[in-house]
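Data block below; observations after.
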Amino acid sequence: MAVGGGIVPGSGGKRYEARVTPFVVIACVVAATGGLIFGYDIGISGGVTSMDEFLLKFFPAVYAKEKNTTGHDSQYCKFENHLLTLFTSSLYLAALIASFFASATTRKFGRKISMTVGGVIFLIGAVLNGAAMNVSMLIIGRILLGVGIGYANQSVPVYLSEMAPPKLRGALNIGFQMAITIGILAASLVNYGTSKMRENGWRISLALAAVPALIMTIGVVFLPDTPNSLIERGQKENARAMLEKIRGTSEVDEEFADLVEASEVSRQVEQPLKTILERKYRPQLVITSLIPFFQQFTGINVIMFYAPVLFKTLGFGDDASLMSAVVTGMVNVLATFVSIFTVDKFGRRVLFLEGGIQMIICQIGVGALVASVFGVSGTGSFSKGTGNLALALICVYVAAFAWSWGPLGWLVPSEIHPLETRSAGQSINVSVNMFFTFIIGQLFLSMLCHLKFGLFFFFGGWVVTMTAFVYFFVPETKNVPIEEMNRVWKSHWFWGKYIPDDAVGLAHHNTTNNA
């Protein structure tokens, strides 16, 4: 059986002995709660920034502009304010910088320590935000949240990819994205509830971020370290015992030998970030850099961060705009389930391509609707029918993202690296992701103001580009053991020339012995 839908000729990759043990499933579920803190945060900021009490206290200029009832101001521009967007996006800049420190921590002290550090720092940030008295306290709190997220997003996907048996790696890794979507939904529900409060609703919304942080920090204390991480830190006996435990069998000689060998290679690498620039890691480097870049340019965070603000801009009332955010949040969670059940069955490429086409159609539809209602002047308002149609199109778009670029944007970069560049690769993935999340978070409200309805076409154009990129340059990686990835690259029409023969010779030799 060829690995990954007939891309690799000859006999398939190795099949390690592995049963799906309750132990490994529980470990992966607990680790995936690291996604809750990220999701809660994405969901909470848009709702809080559409609350009048919050705007009045910290951003009175935006409040005055939003309440301008003369009708002359363009709907597109009423939330444009750089300090307000800095509140949302300062977090992502902090996460970007933190992910590089996290890479060193993850490599030296293990995945588990990184997750703990992330949880604790995030907790402090949540407390600061809930107690904020002025804008600087708010932004310092956001920066600490960002450091926490940088650590968690760097270590959790690596942890999940290493713990999961190859045939379930996709599904267990998507647990992380699942937790992100649950976090977003929880945040939308909290915002809907706290917006009804007379005062301090926004404080409760922000302070409740401590809940997912506690769940993650306490959960991580009970987690085992991954065999890869134990070997990397010289604890081979413990690593072997752990591998037997998570695979549910004592016949792990072959996988253990491969992990030890990968670790030896990895130990010779003094500077992983320099190593990853070498020619033979070019496919991994390009894909690890482009996938998170493209993930942000699907335009999803515009919908998620700013869903309440966006719906308010499009003329939904306060309640309706927060409720619409809850609806998109629910669609997000449900559609992520689709990817959990299909990613190891149909593969990564099918989901990428189908999701991309579905997103393009929806973005053109939303853009056309907004254009017909608001035109270029930005004056007008949705009727009930067109409003519901816009919401429906946005939901279909969110669903497409949630079973394609959402989970796969984290899964694919975390599973394609050999051990020697894995930590560095994941840092690049997180930092590229956070950098463009920051850029889009910072510029979105201005882009909406200047590009108007064209914003939806702008992102639609990017989705066309990324769908073509996946079609030509991203090979199928389902069911391929992580240490066997080089064979996939070697047999690819474009990337093959970058992979030296000796990088696959060994793997091929072992495989033929086992055939």
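Here the Cβ of each residue, glycine as well, is placed from N, Cα and C on the backbone.
The domain 'Major facilitator superfamily (MFS) profile' (27-478) scores a mean pLDDT of 88 in the predicted structure. The domain 'Major facilitator superfamily (MFS) profile' annotation in TrEMBL covers 27-478.
Among the features that TrEMBL reports, transmembrane segment is placed at 20-40 (among others). Using a Cβ-Cβ cut-off under 8 Å and counting only residues 6 or more beyond its ends in the same chain, the transmembrane segment (20-40) has close neighbours at 115, 118-119, 122, 145, 148-149, 152-153, 155-156, 159-160, 163-165, 168, 172, 175-187, 208-209, 211-213, 215-216, 219-220, 222-224, 245-248.
The transmembrane segment annotation in TrEMBL covers 83-101 (among others).
Summarising the annotation, TrEMBL assigns transmembrane segment to 113-133 (among others).
The transmembrane segment annotation in TrEMBL covers 172-192 (among others). Same-chain neighbours of the transmembrane segment (172-192): 24-25, 28-29, 31-44, 47-48, 51, 156-157, 160-161, 163-164, 204-205, 208, 212, 304, 307-308, 319, 322-323, 325-326, 328-330, 332-333, 336-337, 339-340, 343, 402, 406-407, 410-411, 414-415, counting only residues six or more beyond its ends whose CB sits under 8 Å from a CB of the stretch.
The feature transmembrane segment is assigned by TrEMBL to 204-223 (among others).
The transmembrane segment feature in TrEMBL is assigned to 285-309 (among others).
Here TrEMBL flags 321-343 (among others) as transmembrane segment.
Same-chain residues lying 6+ beyond the ends of the transmembrane segment (355-377) with a Cβ under 8 Å from its Cβ atoms: 74-76, 298-299, 314, 386, 389-390, 393-394, 396-397, 399-401, 403-405, 452-457, 459-460, 463-464, 466-467, 470. The transmembrane segment annotation in TrEMBL covers 355-377 (among others).
Annotation comment: TrEMBL describes 389-412 (among others) as transmembrane segment. Through the fold, the transmembrane segment (389-412) approaches residues 157, 161, 169-170, 173-174, 176-178, 180-181, 287, 291-292, 294-295, 298, 300, 303, 311, 314, 324, 327-328, 331-336, 338-340, 342-343, 348, 351-352, 354-356, 358-359, 362-363, 365-366, 369-370, 382, 429, 433, 466, 474, 477 of its own chain, all at least 6 residues removed from its boundaries and within a Cβ separation under 8 Å.
Same-chain residues lying 6+ beyond the ends of the transmembrane segment (424-447) with a Cβ under 8 Å from its Cβ atoms: 79-82, 84-86, 88-89, 92-93, 95-96, 99-100, 102-103, 106, 146, 149-150, 153-155, 157-158, 272-273, 275-276, 284-285, 288-289, 291-293, 295-297, 301-302, 305-306, 309, 409-410, 413-414, 416-417, 455, 458. For 424-447 (among others), the entry in TrEMBL reads transmembrane segment.
For the transmembrane segment (453-474), same-chain residues at least 6 beyond its ends with a Cβ under 8 Å from one of its own Cβ atoms are 286-287, 290-291, 294, 297-299, 302, 348-349, 352-353, 356-357, 359-360, 363-364, 366-368, 370-371, 374, 405, 412, 447, 494-495. Annotation comment: TrEMBL describes 453-474 (among others) as transmembrane segment.
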Note to self: Six or more residues beyond either end and a Cβ under 8 Å away: which residues meet both conditions relative to the transmembrane segment (204-223)?
What the structure shows: 27, 30-31, 33-34, 36-37, 39-41, 44, 47-48, 51, 112, 115-116, 118-120, 122-123, 125-127, 129-132, 141, 145, 148, 152, 183, 186-187, 190-191, 194, 197
